[in-house]
Amino acid sequence: MKFLLVAALCALVAIGSCKPTREEIKTFEQFKKVFGKVYRNAEEEARREHHFKEQLKWVEEHNGIDGVEYAINEYSDMSEQEFSFHLSGGGLNFTYMKMEAAKEPLINTYGSLPQNFDWRQKARLTRIRQQGSCGSCWAFAAAGVAESLYSIQKQQSIELSEQELVDCTYNRYDSSYQCNGCGSGYSTEAFKYMIRTGLVEEENYPYNMRTQWCNPDVEGQRYHVSGYQQLRYQSSDEDVMYTIQQHGPVVIYMHGSNNYFRNLGNGVLRGVAYNDAYTDHAVILVGWGTVQGVDYWIIRNSWGTGWGNGGYGYVERGHNSLGINNFVTYATL
């Protein structure tokens, strides 16, 4: 009855006033309406429409393969090259990232691990955020891990300022950090800032999707982490699982600009080729599970609730899919 009422109301109002869901998006006009897109001029709009049609074609051709649903999202009007540059600016230094890693695997003293583990069911994680047109995934991942620790260990629900990390670890502002604002950055550098200075809450230093000069005098309580540790490069699944269970959600760097992950909707993403050169996106692992014999990781992204399943995605576990096991970092309070 409720569905019929909504349908009737939509039929009575002007055409186009009822927004389709992301799965129902079939035209560029629908895409603009759902995601509130406004372009600078006709030339840009034509270019964005071309990219949208390419992504829509890809989604329609791949939907349902291996039981995975793909969907249009906010980034569907970007070219593949633009999207990849948007994530990392093409500026991640893998030599530096590997230098931060532990040299040895964890000592295997953790015994058996549960088949399913999900921090969303054990603590109140903060809302899914949207990094928008700024390549600040590294800041969102680090802040999100710290927020999770405060929820898990102190039962405090706080939303920390990613913008402070973007601005105040910008190496042109403070050369002791290796970050480039919206261009690229490292969650390990963000943790260093949280150790030294701490972060204020989002409401005190709001996010605005651009790099600006740091405001060190912003008022508000500061929240710190006491340390961080990056696991050995290409850690085993068991080491990563144990770390999540013992220390809370972890930051990982992965290949995020491929169309499979970019357009992920529902289902477990499987069998995507990967190499180090494509590492370009930081996200959070909040747990793992198994469904119909397929082992998977639970990923918390920073692309809004329109991506994946309400902002979370599921990627096959057991094959270092998308490089998930390569760069794994946890923090401590």
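Cβ coordinates come from backbone N, Cα and C, glycine included.
Out of Cys10, Cys18, Cys134, the record in Swiss-Prot bonds Cys182 through a disulfide to Cys134. Per Swiss-Prot, the residue from Cys137, Cys179, Cys214 that shares a disulphide bond with Cys168 is Cys214.
Here the Cα atom of Cys168 (disulfide bond) is found 20 Å from that of His281 (active site). Cα to Cα, His281 (active site) and Cys214 (disulfide bond) are separated by 24 Å. Taking Asn93, Cys137, Cys214 as the recorded positions under consideration, the smallest Cα distance to Asn301 (active site) is found for Cys137. The Cβ of Asn93 has fewer other Cβ atoms within 10 Å than any other of the recorded positions Asn93, Asn301.
When the C-alpha distances from Cys137 (active site) to the recorded positions Asn93, Cys182, Cys214 are tabulated, the minimum falls on Cys182. When the alpha carbons of Cys214 (disulfide bond) and Cys182 (disulfide bond) are compared, the span between them is 13 angstrom.
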